[in-house]
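As recorded in TrEMBL, the features of this protein are as follows:
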- 33-52: transmembrane segment (TRANSMEM)
- 79-100: transmembrane segment (TRANSMEM)
- 173-191: transmembrane segment (TRANSMEM)
- 203-221: transmembrane segment (TRANSMEM)
- 227-249: transmembrane segment (TRANSMEM)
- 274-410: domain 'RCK N-terminal' (DOMAIN)
- 579-602: region 'Disordered' (REGION)
- 694-834: domain 'RCK N-terminal' (DOMAIN)
- 951-988: region 'Disordered' (REGION)
- 957-969: compositional bias 'Basic and acidic residues' (COMPBIAS)
Amino acid sequence: MVHVEFYVNENTFKERLKLFFIKNQRSSLRIRIFNFCLKVLTCVLYIIRVMTDNPAQLRNTWSEHVNLIFWVDRKTPVWAIQVIVASISFMEAMLLMYLSYKGNIWEQMFQVSFLLEMLNTAPFIITIFWPTLRNLFIPVFLNCWLAKHALENMINDLHRAIQRTHSAMFNQVLILICTLLCLVFTGTCGIQHLERAGRNSLSLFNSLYFCIVTFSTVGFGDVTPQIWPSQLLVVVMICVALVVLPLQFEELIYLWMERQKSGGNYSRHRAQTEKHAVLCVSSLKMDLLMDFLNEFYAHPHTQDYYVVILCPCEADSQVRRVLQIPLWSQRVIYLQGSVLKNQDLLRAKMDDAEACFILSSRNEADRMAADHQTILRAWAVKDFAPNCPLYVQILKPENKFHVKFADHVVCEEEFKYALLALNCLCPATSTLVTLLVHTSRGQEGQQSPEQWQRMYGRCSGNEVYHICLSDSMFFREYENKSFTYAAFHAHKKYGVCLIGIKREDNKSILLNPGPRHVMAAGDTCYYINITKEENSAFTVRQEAHQGKNRGHCDILNSPSGLPVHSIIASMGTVAMDFQNTSPTGDTAKLAPPAENGLGSRRPSIAPVLEITDSASLLPCDLLSDQSEDEAAHSDEDVPSASEYVGYPPNSPYIGSSPTLCHLLLQKAPFCCLRLDKACEHVSFEDAKAYGFKNKLIIVSAETAGNGLYNFIVPLRAYYRPRRELNPIVLLLDNLPDEHFLEAISCFPMVYYMVGTIDNLDSLLQCGVLYADNLVVVDKESTMSAEEDYMADAKTIVNVQTMFRLFPSLSIITELTHPSNMRFMQFRAKDCYSLALSKLEKKERDKGSNLAFMFRLPFAAGRVFSISMLDTLLYQCFVKDYMIPITRLLLGLDTTPGSGYLCAMRVCESDLWIRTYGRLFQKLCSTSSEIPIGIYRTESHMFLPSESQYSVSSEGWSDTKETKGDEPKVLTRSSSGSDQSEHPLLRRKSMHWTRRLSRRAMKRSDSSFFSSLPKHSASRRSEREELTELVRNRMQHLGLHTGFKDVSNLTASDVMNRVNLGYLQGELNDQQNSLSYVLVNPAPDTHLQLNDVVYVSHAHTHDVDL
C-alpha cells in the first residue's frame, strides 16, 4: 500500500516561501507591517542624523561648499543602525523579487519601488567594505514613498484577513493624506540638505515651514532657498504636486459624489449608543417621507431616534432638499441600497435597529408584483436580523399570510374596502378613523373665524390611548364596576371616552364588552382623549352651594365643571378642571325639559347602574322610546326561509377573519349574479325591475379582486338587521373569475355587471337612480402616471360628471393622492373653497399633520385616500394596539365578547335630550352603547354669487337677522363655551371674508343683483339639458322614465325624479351644505336635528347558529 499526500500548492521551497510571504493573508500582513516599520525607522534615523549633523565643521574642512551636498557628518552609532536596517531591507527586496519573478527580470528591476530600495540600501552595504564612504550622503528620506506603498498594501491585506469590506472612500482619503505627507517630507528634507551648501543653512523646522507656506500657495517670502539646486528642487516638487494632487482630488471627489448617492454607512458606534429605526421602500416620494417623519417624530418617545432610509433608487431633488433641512439633517440618514443584500443591511445596521418599516409601492401598475417585492424584503430582514421588530405594509389580502411572522401587518385593500363599506352605513367613517390614527394637538383651525372649523379642529386632536386601570386617575375608582358605568362616569367627569379593555389574562382587545364586564385592577383601558392621562394635570374643586334650589353640582350643566381641553405645552399636557361628583340622590338622573312650560314631561333618563342585570338591557336602535317603533318590527324581522346567519363557506384568500354574516341557504347560480342579463332563473335586466325595498350601494372597480370581499362582509354582518340590508351592485370594468363569484354567491342581494362609470348607459342599468351610495374605487391601471398627482385625473373628471348628472347621489371616491381632494366637486368661482385652501396652507406652515382636514369633501367623508392610513402602521411603533382596535371598529375582526361600530340619527323627537352628555347617559343606561363622535351636517342658504362675496355664514346671518322675510343661514351649533359669540369675533369674520374676496367686492350692489336672473336662467338651461340627456338614454335602454300617479310614488321613485330633474325646481339652487366629524365632543355640545352619532354597540348576546 502506497501512502500519497496531496498538497494544495506545489510542495517546493519556493512555493512555501511564496505562500508565507505573498499568498497567505495573515503571514503576508505581518511581513508588510514589518516592512512598513522598517521604512518609518529609516526616516526617523535620517532625522536623527540631520539633528546631529554639524555643517559648520564641514565648511572648515572643505574649501568648496558644493561638497557639503555630497558629504555629511554621520555618527558611528547612527551609521551602524542604518547599515543593519538597510541590509534587512535589501535582503527582503531581493527575496520578494525572486518569489515574484515571472520570466522578465528587467521589468522587475526597473520598477520605481525596486530602484528606490536599491538607492537607499546598496550604498550602506558598500560602506561596510569601503569605510571612507561612510559619510556619503544617501537620500534615505525617499523611503517615505516606500512606507506609503507598504501602508496601502498593509491596509488591503488587513481587510482581507479579517474578512471585512472597507470603503473605497477610506482608501482614497488615506492615499491622499499619505501623498501630501510624502511630498512635504521629501521637500523639507531635500531643501534642508541642499541649503547646507548655501551661506545660511536652514533647519528642519524652517524648511518644513517653507514647504507648508509654498504648498498652501500663501508664500510669505520670509524663508526662501538661496542656491540654485534647492530652487530647482522646489520647482520639481511644485510640478509633481500639480500633477499628482489634482488626480488624487479628482478621484476623491468622484468617490464622494458616489457616496452621496449611496448614502455611505450608518455608524456602528452610533448604532450601539443611539436608537434607530429603518425605513425600507422601493421608491421614496416627498409626501411619503414627510408623512412618515411627521408621524414618527410626533411622539416624545421617538425624539431621540435616528431614521435610516434604505432605498434602491437615488434620492430625487425634492427628497434631498427635505433631508438638508436642519430639523431632519441630524436625524435622518439616506442610504441607497437593496434590502436583499446583506452588505446594505449591514450598512444600515439592521441587526441593531429598534424597528424596520417595509412599505409597498402602491403606485406600481402591477400591485401583485409590488407585494412580491415586499415579501422578499420582509424575508431578507427576518433572515438577517431575526430579532428586529417588523412593520410591514402589504397591498393584496391574499399575500398577507406570507408575512404573518411580522409583528404588525397592514393590508391596504382590507382596510380600504372595509372603510368604504362602513362609509355607506356610517357616514364619514373614513374621516373618523383618519382623525383617530393621526397625531394632532387639536390646535388646527383655532384662529379661524368659522365656528365649525374651531370645533372640528379642536375635536380632531382626540386620539386613542391606553393605561392600566390600577395606575389610572381616570378609571381606578371604577374598579369592580361595570364597563358601561365606568365609561359614562369617566366621560361625565373627565371628558374621556372609554371604548375598550383588555384583560390581564387575555391578549384580545374587547371593544365595548358591555355591562356584563366588571372592571378589574389588571385591565388595560383604551380611551379616546385629547391627550394621554400621563400628560394631564388635574385640579379638584368643590363648588359652593348657590341657592336652596341648587343641590349637588351637575357637571353637564355647570360651566365651571366642564373639562377644559387646552394645550399647555408642546408635550400635549392638558389641564382638566373637574368637580368632585358622586352619583347620589337626584343627580344620577337627567330630566328632559318640560313641554310648553307645563309640568308634564317625558320620563327622565335612567341612571347608569354600577352592576347591570342582563334583564334590564334593552335593544336600542334609536334614541327615542322603543314603543314608538313597534310597528317597524314586523314580519320583515323574521329570517327568511332561504337565509340564515353563519360563517361564509368560501373564503377568497388565506388569512381572512371569519365573520358571522347573513347568508343564503342555497348559493345563487352564477348566471343570477349578473344584474343586466336575464337567465332561466331571473328575467330581470335592470335594477328597477328587481323592486328592491332599500337603496342600492354601487361599487365601481376595475377588477373583482379579493379585497372586494371585505367590502361585502361588513354590509352583510349578522348584527345588521335583515330588513336594512342594502342591495350591492359591483360595476366592474372586467368580468370576474369563477373563484370570486363562488365567494360572493352565498351572500343575499349581491350582483355585478360589466361597465364603467364614464359610460352613462352602464350607470343607468346598474340602478344609479335608485342608489343611495356610489363608491368609486381607485383603479390600479391609473395609479401610475408620467406626471405626479395626475394618476387621479380620470377618476376626478368622471366623478365630477356624475355629480353634475346626479346631484343628490352620495358619491364616495378613493384617490391615489390626498392633495387631489381639492378638485372633488370643483366649482371654479367658489371663494369659500379658496378660503379653505388658504386655511390649509396656514395650517401646513404651522406644522400640522392634518392640514387637509378642512377640505369639505374630506370633512364630509366623500373622499378617501389609503395613504391617509399609512400613519396607522407608523403609530404602531408606540401604540401597538392601534391596528387591532381599528380592525375591530371596521369589522375586519370579530372577537367574542367585543362590540362593533354603528351609527344612529338624531330625529326631531330626540332633541329633548339636548346635549351630547345626556345622550351618553341615555345610551349607556338603555342599550349599553358608547357614543364616540358626531357626524354633523349644516345647511347654508347662499345667493349664487354669495360664495364670491362672503364665506362667513355667521357674518351673513348678522346682516339678515333684522329682516324676517329674507332667507337666513342656519346657525351652527356649538359647545357651551362657544355659544356666546363676541361681536368683535363677528366683525373679524366679516373682515376675513372680504379680504379673501376683493374681486367680488369691486362689484356694485346693483350689478350684483341684476346678474341673478341671467345666472339662474343659465343654470336652468344646463339642468334641463342634462335631464334630457339622461331621459333619452333611459328611453334608449328601455328603462322607465315617466311618473303619472304622484300619490303612489315610492321612496326610490322620488329619488329617481329628483335625480332626473322632475323635482329640481322645488330644490333651492343656492343651498349648500357642509358636513364634518366631531370626535369625542364636549359633554355640553348641543345636539342638532339629523346629527349622526357614532356608537360602539355593546356585545350583549350571542348569536345562535
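Every residue gets a Cβ built from N, Cα and C, even glycine.
Quantities reported herein were computed from a predicted structural model and do not represent experimental measurements.
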Subject >> Tertiary contacts of the transmembrane segment (33-52), as residues 6+ beyond its ends and Cβ separation under 8 Å >> reply: 72-75, 78, 81-82, 85-86, 88-89, 92, 120, 140-141, 143-144, 146-147, 150-151, 154, 185, 189, 192-193, 204
**OP:** Sort out the residues at least 6 away from either end of the transmembrane segment (173-191), same chain, that have Cβ-Cβ distances under 8 Å to it, and list them.
**Re:** 43, 46, 50, 139, 141-142, 144-145, 148, 151-152, 155, 202, 204, 207-208, 210-212, 214-215, 225, 230, 233-234, 237, 240-241, 244-245, 248-249, 252
Subject >> Close approaches to the transmembrane segment (227-249) from elsewhere in its chain (Cβ under 8 angstroms; 6 or more beyond its ends) >> reply: 69, 172, 175-176, 179-180, 183, 186-187, 190-191, 194-195, 197-198, 211, 214-215
Subject >> Integer average pLDDT (0 to 100) for the domain 'RCK N-terminal' (694-834) >> reply: 85
**OP:** For the transmembrane segment (79-100), could you work out the same-chain residues 6 or more beyond its ends whose Cβ comes under 8 Å from its Cβ atoms?
**Re:** 14, 17-18, 21-22, 31, 35, 38-39, 41-42, 45, 49, 108-109, 114, 117-118, 120-122, 124-125, 127-128, 134, 140
Subject >> DSSP residue counts for the domain 'RCK N-terminal' (694-834), split into helix, strand and coil >> reply: 55 helix, 28 strand, 58 coil
Original post:
Taking DSSP states H, G and I as helix and E and B as strand, how many residues of the domain 'RCK N-terminal' (274-410) are helix, strand and coil?
Top reply: 59 helix, 28 strand, 50 coil
